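Copied over from TrEMBL:
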type	residues	note
ACT_SITE	Cys126	active site, proton donor
BINDING	Lys22, Asn23	phosphoenolpyruvate binding site
BINDING	Arg102, Arg131, Pro132, Val133, Asp134, Leu135, Asp316, Ile338	UDP-N-acetyl-alpha-D-glucosamine binding site
DOMAIN	8-417	domain 'Enolpyruvate transferase'
MOD_RES	Cys126	2-(S-cysteinyl)pyruvic acid O-phosphothioketal
Amino acid sequence: MDRIRIIGGNKLHGTIPISGAKNAALPLMIAALLTDETLILDNVPRLADVALLQRILGNHGVDIMAAGKRPGDHEYQGQTLHISAKNIIDTTAPYELVSKMRASFWVVAPLLARMHEAKVSLPGGCAIGTRPVDLLIMALEKLGAEISIDGGYVIAKAPGGLKGATIEFPKVTVSGTHVALMAATLAKGSTIISNAACEPEITDVADCLNKMGARITGAGTPRILIEGVDKLHGARHTVLPDRIETGTYAMAVAMTGGEVQLSGARPELLQAALDVLSQAGVSITPNNDGIKVARNGAGISPVTVTTAPFPGFPTDLQAQLMALMTRAKGASHITETIFENRFMHVQELARFGAKIALDGETATIDGVAKLRGAPVMATDLRASVSLVIAALAAEGETMVNRIYHLDRGFERLEEKLSACGATIERISG
Ligand code: UD1
């Protein structure tokens, strides 16, 4: 299993290109199941999760062609996928595949909407809390699906097709909103989703669905209205930049000091996180090409932050912020409200000498003057990268073990960081 070796202490200087958003690319690829015409997606990141979803879609009979690079393409430009779900040969998504990535469960929505049936294994994915699918099932039932659970599979049927309905989510859920949105595009009549997630990735998917002929308004607000249509068609869409990758590298620069241009980043996608970094004493300058992040001389000031649905501070940046605050001048408080059990990085950060105390949903981090490199183990996707951030500022050598989580969500992490002066290498095998 690959490992990453880091020698800490170097400031970061240079440019980091921001990739397409994993959390938009996955539902966009899944949305291709809604039409028998080809959906072309540009700026798809090269990630293990994307490759796995290609296999999962292939199992349903979807043809995916990855276009090669053309002259003039940027070195880091994402891939272009031509996805054709002309013939869906199988409406079952098996345990062996779905258990590896939670988002693949979402195929249930387009399969049900277009084929009127789906059999999908209950999901796996990052071990951050129980992460149930009850609200996804509730949304599909509201749209008229008959659902049973048998042998670990969700079996969904809608013999006469789905019917528009009012779906009110009792809590904000990204997965629930994606599923409701996709399913409702082909339902008869109109659907209202209230208390919908407002994450930019939801808006990106809705934009793409509208290009495919869907009639969706209000995406990006808590109330989304969908007028069902009989059929969707092909389209071409560019995946929006990854706000979590953007925030992660911003925190890495904040941690090491230096100055880095995050090329292609869009500040409005992560304003809450950028505001927190400004409070911490980091210089954030939006410009034509993205965001410039710098910390020169000044230390890191402690912050108090609570994770919240968009536009709040994202749970997917919580571990990275905690790593940064291990070096702050004073005590920081970070409260996690989205996922229970999303503090698995705490014990690993302690191996660097960080001082973190947990009390229920809140972590108190007492900044220390120095971190020391250590062997550590990656647990979930975002936790893994928090260990990389700590290692970049730690004295001596860190070996990050079990990095397959990193490969699920961060494209060419070690290349991007070493190009800015970090001493970081992947050790294969
Ligand atoms: C998505 C993101 C993930 C991010 C999260 C929150 C993708 C591929 N993943 O995950 O990176 O951390 O949003 O921004 O886009 N819940 C229920 N019942 C359900 C569904 C969810 O109780 O049926 C709960 C969850 O346990 C959690 C909360 O709702 O406590 C939010 O989950 P949700 O927004 O659905 O997260 P994901 O879509 O899984």
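Heads up, the Cβ atoms here are built off N, Cα and C, so glycines get one too.
The shown structure was predicted, so the numbers you read here are calculated from the model rather than taken from an experiment.
A Cα-Cα distance of 11 Å separates Asp316 (UDP-N-acetyl-alpha-D-glucosamine binding site) from Asn23 (phosphoenolpyruvate binding site). Here the CA atom of Ile338 (UDP-N-acetyl-alpha-D-glucosamine binding site) lies 19 Å from the CA atom of Lys22 (phosphoenolpyruvate binding site). Most buried of the binding-site residues Asp134, Asp316, judged by other Cβ atoms within 10 Å, is Asp316. Classification of Asn23 (phosphoenolpyruvate binding site) by DSSP places it within a helix. Taking Cβ-Cβ distances under 8 Å and a sequence separation of 6 or more, the neighbours of Val133 (UDP-N-acetyl-alpha-D-glucosamine binding site) in its chain are Phe105, Leu122, Pro123, Val154, Ser175. Ranking the binding-site residues Lys22, Arg102 by C-beta neighbours within 10 Å puts Lys22 at the top. Between Leu135 (UDP-N-acetyl-alpha-D-glucosamine binding site) and Asn23 (phosphoenolpyruvate binding site), the C-alpha separation comes to 19 Å.
Within 10 Å of the Cβ of Asn23 (phosphoenolpyruvate binding site) there are 24 other Cβ atoms, across all protein chains. Asp316 (UDP-N-acetyl-alpha-D-glucosamine binding site) carries a helical DSSP state (H, G or I).
Between Pro132 (UDP-N-acetyl-alpha-D-glucosamine binding site) and Asn23 (phosphoenolpyruvate binding site), the C-alpha separation comes to 18 Å.
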